[in-house]
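Worksheet: the structure to be examined is printed underneath.
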Amino acid sequence: MAVSLNGIQISQAYLEGKAVKETKALMAQLCRQFYTLGWVSGTGGSITVKVHDDSIPKPQQIILMAPSGVQKERMEPEDMYVLSQDASVLSAPSPKPYPHKPPKCSDCSPLFMKAYEMRDAGAVYHSHGIESCLVTMINPLSKEFRITHMEMIKGIKGHGYYDELVIPIIENTAYEYELTDSFAKAIEAYPKTTAVLVRNHGVFVWGDSWISAKTQSECYHYLFDAAIKLHQMGLDWSTPDHGPIQSARRGLRLAGETILSDKSRKANGEIDPFPHCIVLDIEGTTTPISFVSEVLFPYARDNVGRHLSATYDTPDTQNDIKLLRSQIQSDLEQGIAGAVPVPPYDAGKEEVIAAIVANVDAMIKADRKITALKELQGHIWKTGYENNELEGIVFDDVPEALEKWHALGTKVYIYSSGSRLAQRLIFGKTNYGDLRKYLSGFFDTTVGNKKETRSYVNISESLGVDKPSDILFVTDVFQEATAAKEAGLEVIISIRPGNAPLPENHEFKTIKSFSEI
């Protein structure tokens, strides 16, 4: 007897074979370990793992899933369900005598399948660990968990020590299957996340393999626990130095000090001197336009070929080429000037690189703000900074302002058309040293075009503020200022040497130095 999975024949012998048996045994072992960690106690939580087989494409690999409502620490390999990629049951465990309940596949099944479908996961774990529950309750209004500058962040796929880890939080429901839609929306809205928190409930974590999912689950639980303990100590886990929660902000309001109300400040055309968050543009705001146009762009343009040749087989460069191929194909279909076809991979490395170089040169000359180009530029600049061929430049007033805002408890973010990597590089090695310790996070064009209102709505929702006006956006570009204002943000326009002139009667507050904020 054989089962057909999208044209691939899976025999009964395969379903009863070594690979499936070993994966079942592994899952039973993992459930016992997760029980000792408090992740699957009281029959809660669940686990699913794909049976790895190089001869079967990953999306079509057999899925094993734990049953629902059972003592996870007492499960045996034969208790696991065997499913196809469309969640059809290929094999179910046999019933056990009283007091065991009749077997039932995990209530998490629809959510597990979404992670397999939308993220090409190799394993998904659902934990009821107490830390994953409590961390969502500290701020009942927050739609995200954010943490930065913690060593264990490095254990999360795609993140480093200086990165801000962001995990979406969805609201709990009476039944887990009812979470499916909000779970899928969270996965779609946060393309970088490998976890979704469920308020007052727990967390779902996935990875490319059972090892990746396990490693990340352990790191997530560590970070949740650290956040809870830092909060108990009165420290803010979401800021780079994990300092006292808004203590500096409170300390500034001394006895007898006259504090204008928000309403009176607005009536006078002023902006709250203590915004909850400040979002800064880079070019023309923190950094001279000339540094970008006369240093960074030429460096990237002149080193495209050298960089691609030296790093061609690395995952980063292969991903950059994949993004560029997609963008170039779209450009060709739209008749964009300068776009030339890129030959297939089997045409040879030199031919592919030559075509990529020609397209990138045209993109840079047209000053296009597209993710594919920005990602490649970021990786080229990374090499330049590492080789001491580049150093970030900021205006003289920037470091002092960043330090002041940090002391006030105001979180500062960067929003630039350059990739998040490029942003971290600029601030990580500047003429004033490493300034990343003052920054809570970075936004790039993955949240949207900087001249579109929706992008600033996305940022407001991402930062979890009570209202958009809790955010102050500083930029040198009138169109960006207008878009941010339409989204409800407070806006200041930066006037710096070399910036483009503003329209007359633009009605925005302007500054020539961050010291004026």
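FYI, residue positions are counted from 1 along the chain as it appears here.
Each Cβ is built from the backbone N, Cα and C atoms, and glycine gets one as well.
Annotated features, as they stand in TrEMBL:
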REGION    1-236  region 'Methylthioribulose-1-phosphate dehydratase'
DOMAIN    25-228  domain 'Class II aldolase/adducin N-terminal'
BINDING   Cys108  substrate 1 binding site
BINDING   His126, His128, His201  Zn(2+) binding site
ACT_SITE  Glu151  active site, proton donor/acceptor
REGION    278-517  region 'Enolase-phosphatase E1'
BINDING   Asp281, Glu283, Asp476  Mg(2+) binding site
BINDING   Ser416, Ser417, Lys450  substrate 2 binding site
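This view paints the features noted in TrEMBL onto the structure.
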residue: Cys108; record: substrate 1 binding site; CB count, 10 Å: 25
residue: His126; record: Zn(2+) binding site; CB count, 10 Å: 30
residue: His128; record: Zn(2+) binding site; CB count, 10 Å: 20
residue: Glu151; record: active site, proton donor/acceptor; CB count, 10 Å: 11
residue: His201; record: Zn(2+) binding site; CB count, 10 Å: 21
residue: Asp281; record: Mg(2+) binding site; CB count, 10 Å: 23
residue: Glu283; record: Mg(2+) binding site; CB count, 10 Å: 23
residue: Ser416; record: substrate 2 binding site; CB count, 10 Å: 25
residue: Ser417; record: substrate 2 binding site; CB count, 10 Å: 23
residue: Asp476; record: Mg(2+) binding site; CB count, 10 Å: 22
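For the domain 'Class II aldolase/adducin N-terminal' (25-228), the model's pLDDT averages out at 94.
If you take the Cα of Asp281 (Mg(2+) binding site) and the Cα of Cys108 (substrate 1 binding site), they are about 42 angstrom apart, rounded to a whole number. Taking every pair among Ser416, Ser417, Lys450, the residues listed as contacting substrate 2, the largest Cα to Cα separation comes to 8 Å. Taking the Cβ of Lys450 (substrate 2 binding site) as centre and 10 Å as the limit, one finds 21 other Cβ atoms among all the protein chains shown. Rounded to the nearest whole angstrom, the C-alpha distance between Ser417 (substrate 2 binding site) and Glu283 (Mg(2+) binding site) is 9. Sequence-ordered, the extra residues of this chain that approach the Zn(2+) site, with Cβ no more than 8 Å from the Cβ center of His126, His128, His201, are Gly44, Gly45, Ser127, Gly129, Ser132, Cys133, Val198, Gly202, Val203, Phe204. Shown in sequence order, Ile282, Gly284, Thr285, Thr286, Thr287, Ile289, Ser416, Thr475, Val477, Glu480, Ser494, Asn499 are the same-chain residues outside Asp281, Glu283, Asp476 whose Cβ sits within 8 Å of the Cβ centre of the Mg(2+) site.
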